[in-house]
Amino acid sequence: MALNVVILAAGKGTRMRSDLPKVLHPIAHKSMVQHVIDTAHKVGSDAIQLVYGYGADKLQASLGEQQLNWVLQAEQLGTGHAVAQASPHIADNDTVLILYGDVPLIQQSTLEALLAARPENGVAILTVNLANPMGYGRIVRTPCEGQEQGKVVGIIEQKDATAEQLLINEINTGIMAVPGKQLKAWLSRLSNNNAQGEYYLTDIIAMAHDDGVAIDTAQPQSAIEVEGANNRVQLAQLERAYQAREAEKLMLAGANLRDPSRIDIRGEVTVGMDVMIDINVIFEGKVTLGNNVTIGAGAILIDCEIADNAEIKPYSIIEGAKLGVAASAGPFARLRPGAELKQDAHIGNFVEVKKAVIGVGSKAGHLAYLGDAVIGDGVNIGAGTITCNYDGANKHLTVIEDNVFVGSDTQLVAPVTIGKGATLGAGSTITRDVGENELVITRVKQKHLTGWQRPVKIKK
């Protein structure tokens, strides 16, 4: 039996006041609908039907390379009408899981519980109890022996509910698991004879009851999982809820967050034990932190690997880089893709490293650019050093071997190799290879002009 997931994503989202389709608005740097798609994959979907409408070009530009079956809903005539558009792509023996592109926080564990709750050839509905259920469809039950809550007999929408039904606190989330054959039959029987003139997906529950089909329910761990975003205020609330959830995961995994409310996680972060993360740190992409790593305030880490005992000092940007054991970067350092700091290496303030390896114990303390370079062990890079790697057309490599001392304000014009133990005098421009243990100084001889006077400002 295949798991066929239908994701409803056709709405415009007028209240967002945006040209962007509602489901493409981001949570943690990823569109809401992408969160839902990713979760669908995690529960083992065999096929995903994406029901789209408004902003088709933008949706396809964002999601087009993924394994999705695109189903057009030309007119938005209700949730039942939306699912019906996917009917031709649903097999009789499929289990159909219905999700929503603007409900991004639904968790894998919740959907697995819902699927497990579905009776054989029956229906499972995800419900939640709210203190204030205003605006939601209510779950209608009737007393049944052996079922404390009673048997589900239908779902009534807010606008169609009686005064008595409005007192019900158990609400429909819209998420459900349904057998394919029966779903298609029920969808064909839907009517829009209701207060909103729409084809309600929820009406299939009463049909299931009338047909004698077993109906069961499951509930999420938290109500926030099933909340959607119709405007930017709600979007921000979902963002905060997502960040709080991810921060909690980090703390349970061994990280100490200085303030869990001031961290942004926009990807997948793996942490070791006794990690310390200060305030206003941003993680993007896939980030791995070893044991005893320290991350300073305001740092940004993107797709990087940080080994045990390493330190990222405040306001540094680490992207596509690797830091070895006890290496350090910052404050105000920038490591670009391809940068690698070996054990005990140090990159200081206002140093930029790109596609360069910094050897064991080597250091560049301040104000330097090191690009397209291989730097050995025990090297000292003075302030103001630049590897001149670009000739206007191509990039070239600079090699600095072990135990080299590079004086301040030195330019190394690549391609060039500096031999082991060499010393480069401050202010030198190196255009040719330097041998082992050589001292090279290229600056102009110092001149002393006696009797010289500074210009005097002319009075006007």
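Even glycines carry a Cβ here, placed using N, Cα and C.
Annotated region 'Pyrophosphorylase' per Swiss-Prot: 1-232, in sequence order.
If you draw a 10 Å sphere around the CB of Gly101 (UDP-N-acetyl-alpha-D-glucosamine binding site), it holds 26 other CB atoms from the protein chains shown. DSSP classifies Gly101 (UDP-N-acetyl-alpha-D-glucosamine binding site) as coil under the three-state reduction. Per Swiss-Prot, UDP-N-acetyl-alpha-D-glucosamine binding site is recorded for 8-11, Lys22, Gln73, 78-79, 100-102, Gly137, Glu157, Asn172, Asn230, Arg336, Lys354, Tyr369, Asn380.
Positions annotated as Mg(2+) binding site by Swiss-Prot: Asp102, Asn230. Within 10 Å of the C-beta atom of Asp102 (Mg(2+) binding site) sit 24 other C-beta atoms, taking all shown protein chains into account.
Feature annotation from Swiss-Prot assigns region 'Linker' to 233-253; the stated evidence is sequence analysis. Distant neighbours of the region 'Linker' (233-253): 16, 25, 27-28, 32, 104-105, 224, 227, 260-261, 263-265, 269-271, 275, 277; these residues of the same chain sit at least 6 beyond its ends, with a Cβ under 8 Å from one of its Cβ atoms.
According to Swiss-Prot, the feature region 'N-acetyltransferase' maps to 254-460.
Among the features that Swiss-Prot reports, active site, proton acceptor is placed at His366. The number of other Cβ atoms within 10 Å of the Cβ belonging to His366 (active site, proton acceptor), over all protein chains shown, comes to 18.
Look at Swiss-Prot and you will find Ala383, Asn389, Tyr390, Ser408, Ala426, Arg443 tagged as acetyl-CoA binding site. Asn389 (acetyl-CoA binding site) carries neither a helix nor a strand DSSP state and counts as coil. Taking the Cβ of Asn389 (acetyl-CoA binding site) as reference, residues of its chain lying under 8 Å away and at least six apart in sequence are, in sequence order, Gly371, Asp372, Ala373, Lys395, His396, Leu397, Thr398, Ala414.
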Can you tell which of the binding-site residues Gly78, Asp102, Glu157, Arg336, Asn380 lies nearest to Tyr390 (acetyl-CoA binding site) in space, using Cα positions?
Arg336
Tell me the Cβ neighbour count for Asn230 (Mg(2+) binding site), meaning other Cβ atoms within 10 Å of its Cβ, over all protein chains shown.
15
Rank the binding-site residues Leu8, Ala383, Ala426 by the number of other Cβ atoms within 10 Å of each Cβ, and give the residue at the low end.
Ala426
Can you tell me the CA-to-CA distance separating Glu157 (UDP-N-acetyl-alpha-D-glucosamine binding site) and Asn230 (Mg(2+) binding site), as a whole number of Å?
18
Candidates Gly78, Asp102, Asn380, Ala383, Ala426 (binding-site residues) with Cα within 10 Å of His366 (active site, proton acceptor):
Ala383
Neighbour count, 10 Å Cβ-Cβ cut-off, for Glu157 (UDP-N-acetyl-alpha-D-glucosamine binding site): what number do you get?
19
Using DSSP, would you call Leu8 (UDP-N-acetyl-alpha-D-glucosamine binding site) helix, strand or coil?
strand
